[in-house]
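This report concerns only the one structure given below.
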Amino acid sequence: MTDKLLLEQIQPGSRVLDLGCGDGRLLARLREERGASVLGIEIDITQHHAAIARGVPVIQADLDEGLQDIPDGSFDYVVLSQTLQQVLQPKQLLEEMVRVAKRALVVVPNFGNWRIRLQVLKQGRAPVTEVLPYEWYNTPNLHLMSMHDFQDLMRLLGIEILQEIPIINHRAVERAWLANLRAQHVLYVLQRQSDPYPVSESENNAESELESPRPGSR
Amino acid sequence: MATQQETAEARQHSGVGFVQTQLATLFVPPHWLKLAGGGELGPIQVAYETYGELTPAKDNAIFICHALTGDAHAAGYYEDDDEKAKPGWWDDLIGPGRTLDTDKYFVICANVLGGCQGTTGPGSINPETNQQYRLNFPFITVGDIVEVHSALTRHLGIDQLLAVIGGSLGGMQVLEWAARFPDQLRSAICLASAAQLSAQGIAFNAVGRRAIKTDPEYKDGEYETGAGPRYGLALARMIAHITYLSDQSIEMKFGRRLQDHDTFTYEMLPEVEFQVESYLHYQGKRFVERFDANSYLYLTRAMDYFDLESQYGSLTNALGKTDARFLIASYDSDWLFTTTQSKEILRALIECGKHVSFIELKSPFGHDSFLIEIEQLQNMITPFLEQAYQSRLMESAQKT
């Protein structure tokens, strides 16, 4: 379900990086159906080899150690599906994502969902649901957030939310009523705000001015 | 106990069985090899071995680049090997059903230019003078080595290799191959290697060369065959051998255990008190029996000089021209060729949008891991080669 949704977001012929790519299933589809040029990052060695067996190029690395081996802007899209809540430093990883790619696609579970709220309210215990099927002591989920929380963080980081697609009962709903209450997952399409590294006048050399004249300069 | 005949039969039927080293004569004048350091060399004899069969389409050839002191004998046994002889240096990886599956692939391994295991090197006879080249042998580089191996594959009728594989100095050759002959390889596997030797690596090589040159028997390189700087060469090997191991692997293998006594002897003259000493002496002694001192000088210098970045302007320039798929692997306990160095190659390949897979393998065995950890290589290389081969078949299907 999520794979299909992600696939639809990606322009044909793009260069795509998938963080926590598993056995490379999504990337293999992207390559075949979208003609994408792909790269995966995966920490698990068995999954790493499985991706190689699909012919998907894959780097074994720990997302908690960042993306320092990926040069700036080397991808069109970077995908992080169902993993943000499991990393140690989600803020840093999101910043890294918009550094290495023009667009970031992030799928996260929504902790604002009513079932979770109701469980906490009624039972007074850490919630266990279809989306969060773990007990508190064995969950890989370290950082849970609601849609509002995620939006706040994006404002803080200066990352623009191009699209916010709530997923309710396995269906993507473009405009959902009471989304933060109803969505189990959310797909975010993110991009760095237009001018993340403002260039000061003195650094701005003549060559780059020639290449991209400012509005009204002619 | 197995009789000699039983042993021979078992060997014939395991892996690639009995093999023979073959010789090719290339760069026959006036088609000299033009050397990076200036000058020309020819004719050049190349010692090589092949395992498996080349397909009629000639699309299943894999070239193995050996490390500093390796040779063409990568798999199988020679028929006249004695019972104690070991098979080729990567035998566990090569053979029917093995990672480099000889039922499927045609595997080639050749001794390097400047070597002393059958390919023209400083110990060879210079046809112009009928004397050994010795130090009149021209300076050679990793580029020259690859130039000769590339010529060998063309001599065998192969335009494009399915894969070029190597570790350490062999990995440097793999990278050089991708840079120098970008259309000649479909995939490249580079293990425990680097785009340039570290200063630390150069330092260790320098000590090894000094050990050889200061041995009185070195005689400015003019030693007789069979004689030569035995102690200096053994010492060079002992030093180098330490750099191939890790702290942990030495500890595991020997610890502080003593060799012949339960307590210290409190004597200065005997050289072997600890087991690790005995091991290093043994390694040095064995090495002298099979390796030539002048070759060691030439090849370590070639290794020192290797620097893909300065040679091609940048790593992306060097590796940007090939469409080969890359598989890069380092080992966490390797302090001679570190993961950081492998990642430099990785970064450059990502930057130019290449198909590249990378892994830092866990192993206690240090730099030598790529010769030891066969199962890890198998798990990673088998599917990688399979995919490289499949993509080849798909492409030819599309063309027809």
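Residue numbers in this text run from 1 along the chain shown.
Cβ coordinates are placed from backbone N, Cα and C, and glycine is handled just like the others.
For B:S168 (active site, nucleophile), the Cβ neighbour count at a 10 Å cut-off comes to 28, with all displayed protein chains included. Under the DSSP three-state reduction, B:S168 (active site, nucleophile) is assigned to coil, being neither helix nor strand. Taken from TrEMBL, the feature active site, nucleophile applies to B:S168.
Here TrEMBL flags B:D334 (among others) as active site. Counting only same-chain residues at least 6 apart in sequence, those with a Cβ under 8 Å from the Cβ of B:D334 (active site) are B:A192, B:S246, B:G366, B:H367, B:S369.
In the three-state DSSP reading, B:H367 (active site) counts as helix. Around the Cβ of B:H367 (active site), the number of neighbouring Cβ atoms within 10 Å comes to 26. If you look up TrEMBL, you'll see B:H367 (among others) marked as active site.
Feature annotation from TrEMBL assigns substrate binding site to B:R237, B:D368.
Per TrEMBL, the feature domain 'AB hydrolase-1' maps to B:61-371.
The Cβ of B:D368 (substrate binding site) lies under 8 Å from the Cβ of B:Y244, B:L245, B:S249, each of which sits 6+ residues away along the same chain. With respect to their backbone Cα atoms, B:R237 (substrate binding site) and B:S168 (active site, nucleophile) stand 16 Å from each other. Reduced to three states, the DSSP call for B:R237 (substrate binding site) is helix. DSSP assigns B:D334 (active site) to coil, not to a helix or a strand. Within 10 Å of the C-beta of B:R237 (substrate binding site) we count 23 further C-beta atoms, all protein chains included.
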